[in-house]
Structures are given as C-alpha cells and as structure tokens.
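Asks: Once you've had a glance at the structure underneath, I'll fire off some questions.
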Amino acid sequence: MQAAGHPEPLDSRGSFSLPTMGANVSQDNGTGHNATFSEPLPFLYVLLPAVYSGICAVGLTGNTAVILVILRAPKMKTVTNVFILNLAVADGLFTLVLPVNIAEHLLQYWPFGELLCKLVLAVDHYNIFSSIYFLAVMSVDRYLVVLATVRSRHMPWRTYRGAKVASLCVWLGVTVLVLPFFSFAGVYSNELQVPSCGLSFPWPEQVWFKASRVYTLVLGFVLPVCTICVLYTDLLRRLRAVRLRSGAKALGKARRKVTVLVLVVLAVCLLCWTPFHLASVVALTTDLPQTPLVISMSYVITSLSYANSCLNPFLYAFLDDNFRKNFRSILRC
C-alpha cells in the first residue's frame, strides 16, 4: 500500500528506521522531513537485535511465570494481583511481537503484509497505554486501601470480581485509545521502493504527526501520571495529619508491603517511560538534525521503554515473598 503523506516508521515509539547498510540513503524519519544519512551505523544493525532479543526472551519468560503463578496459586488470587496479572499479559503480548520488529531491523524491509503491520503497531500502542493505566488503577486501589486503613473501615466493595471488572474497563478504554493507530497503520514504499510498516497520515501530514504525538503524550502519560501524583500527594498529607489507631496499625503492616511493591513498580515504569515522552516533547518543539548521535539516543530511549516489559517480574520476585514461595512450588510440580 502506498502511504499518503509522510509515514512514521514501524518503531513508532519515536525511534528512526535503521539506514540501509553501506551507502547514502534518504528516508522519511517520521517527522515529515526526509533525512539523508551519509554514513551507515553498522553497530546498531548488530546491537539492536541483540538487545531486543534479550528483552524478548527475559520478558516473555518472566511475564509467563507471573501469569502462571497468579493463576495457579490460590493464595495469589488477590485484588492487587488481578491488576498485576493484566499488566503481565500486556507486557507478554508486546514481547510476543517484538521478534517481528527484530526481523524488520535485520531484513531492512517489511515482508509480513499489512494485517500483521496493523497488529504489531496496535500491540505496541497497547503496551504504551495499558502499562500506565493499570498502574493508575493500582494506585487508586492503594489510595482507597490505605485511606480505609487509616480510618479503620472495611471495604466490602473491594472484591476479586470488582478487580476483574475494573481490568476489563481498562482494556476497553485502551482499545478505544489504540484504534486510531490501528487505522493509520499500513505498509508503504519509501523513495527506494522498499516496503516498510508505519503510520500513514493524510495531508497536512506534519499536523497529523504532531497531533499523534500530543495524543500519546497527554493520554498515555500526562493524564494518568498527574492522577497518580494527586492521589499519592493527598495520601501523604492525610497520613501526616491522622495518627493511626492501634488496630489500623495492625491492619496496615501487611498492606504496607503491597503499597511499597506498587510504588516501586510505578517508579520503575516512570523511569523507563519518562525519557520516551520527553523525547516526544523534543520532537514536537524542535527540529533536530538526524545525526548518528541523535539516532543512537533515539534507539537507547526506545530500548529503555521496551525494557519495562521485562523488569516487573524481577520486582515481584524481590519484593513479594508470596510470589517467590508460589513460584518455587510451581517449579517443583
């Protein structure tokens, strides 16, 4: 399919497609400007597939382990673990399609057709939105739990079934957010008639490109992160103002561990994703020359966001005693 306007490359998180090895290449970098590369970047050709393969192997193994532990261990069927399960599913789905991205880098063209192109880009954006929104829901849950503990109140509405309904709502909401990217995704041919997978925007393509970046930045980062910050700021204010009763302290000890786990997972997520979204701000406000340094930094930032999909299982293993115990019991079976 010939793309309308200037398509954005497959690596839609903000990286630029690898230049063809060996000669001068002029290609669209996803910003609406053609970038000419006078020198190849052979180290990226070798390094990127190795990094992505490591993320894929570790992420797929780790997230599969998380899913199995939560589904098979009765003691792991808690409200918080419902959200962790869905987070693992989202990360696992992304690692499943990462080999396609690796193949595209190695082949230097897109051989898989338009349907798979749309699916890969959709899953990529599912990962962008679902990660932060499930963490936002987990933060809301922690806020309500700690607030109820402070006030020594029970929460009859906080049930395993309710967590499933909330997770379904997140998936439906994320699906709505991802639909525009699925619609604009397609296979196009660049100036060298090499098929590529990317986001194809109509005229004026520069306006559409900036709109897509603002859309992802605001709905995929600013809005949920601001919500999370407001919740935890209010929670800290309340905890300082209210002295816990003795009964609340007893209740809070076990829940404090879960709150710490959620906070650490959230912190790692922000560490991995903030550079990507800051890079989006740079892409929106400046016109950087596509030098080897800029291209390399772009891939580092993108790889960092990819890495978030394989880090969470290690956090659960280090911070959750129940997860470690149940994981060992499954290995013995």
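Including glycine, each Cβ sits where the backbone N, Cα and C put it.
Computed from a predicted structure; not experimentally measured.
When I checked Swiss-Prot for this same protein, it listed these features:
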type	residues	note
TOPO_DOM	1-45	topological domain 'Extracellular'
CARBOHYD	Asn24	N-linked glycosylation site
CARBOHYD	Asn29	N-linked glycosylation site
CARBOHYD	Asn34	N-linked glycosylation site
TRANSMEM	46-69	transmembrane segment
TOPO_DOM	70-80	topological domain 'Cytoplasmic'
TRANSMEM	81-105	transmembrane segment
TOPO_DOM	106-120	topological domain 'Extracellular'
DISULFID	Cys117-Cys197	disulfide bond
TRANSMEM	121-140	transmembrane segment
TOPO_DOM	141-165	topological domain 'Cytoplasmic'
TRANSMEM	166-185	transmembrane segment
TOPO_DOM	186-211	topological domain 'Extracellular'
TRANSMEM	212-233	transmembrane segment
TOPO_DOM	234-257	topological domain 'Cytoplasmic'
TRANSMEM	258-282	transmembrane segment
TOPO_DOM	283-292	topological domain 'Extracellular'
TRANSMEM	293-307	transmembrane segment
TOPO_DOM	308-333	topological domain 'Cytoplasmic'
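Describe each of these features in terms of where it is and what it packs against.
Replies: Across the range of the topological domain 'Cytoplasmic' (70-80), the DSSP-based residue counts are 8 helix, 0 strand, 3 coil.
Listed by sequence, the residues of this chain that lie at least six past the ends of the transmembrane segment (81-105) yet keep a Cβ under 8 A from its Cβ atoms are 10-11, 18, 45, 48-49, 52-53, 55-56, 59-60, 63-64, 66-67, 70-71, 111-112, 116, 119-120, 123-124, 126-127, 130-131, 134-135, 137-138, 141, 160, 163-164, 166-167, 170-171, 197, 265, 306, 308-310, 312-313, 316.
Counting every protein chain shown, the number of other Cβ atoms lying within 10 Å of the Cβ of Cys117 (disulfide bond) is 24.
Taken residue by residue, the topological domain 'Cytoplasmic' (141-165) breaks down under DSSP into 16 helix, 0 strand, 9 coil.
For the transmembrane segment (166-185), same-chain residues at least 6 beyond its ends with a Cβ under 8 Å from one of its own Cβ atoms are 12, 82-83, 86, 117-118, 121-122, 125-126, 129-130, 133-134, 137, 197-201, 212, 215, 219-220.
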Asks: What does DSSP give as the helix, strand and coil breakdown of the topological domain 'Cytoplasmic' (308-333)?
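Replies: Output for the topological domain 'Cytoplasmic' (308-333) reads 24 helix, 0 strand, 2 coil.
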Asks: I'm a bit unsure how to read this: which one of 46-69, 121-140, 212-233 has the highest number of Cβ pairs shorter than 8 Å with the transmembrane segment (293-307)?
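Replies: Comparing 46-69, 121-140, 212-233 against the transmembrane segment (293-307), the winner is 46-69.
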Asks: When the pLDDT values for the topological domain 'Cytoplasmic' (70-80) are averaged, what is the result?
Replies: 88
Asks: Under a three-state reduction of DSSP output, how is Cys117 (disulfide bond) classified: helix, strand, or coil?
Replies: helix
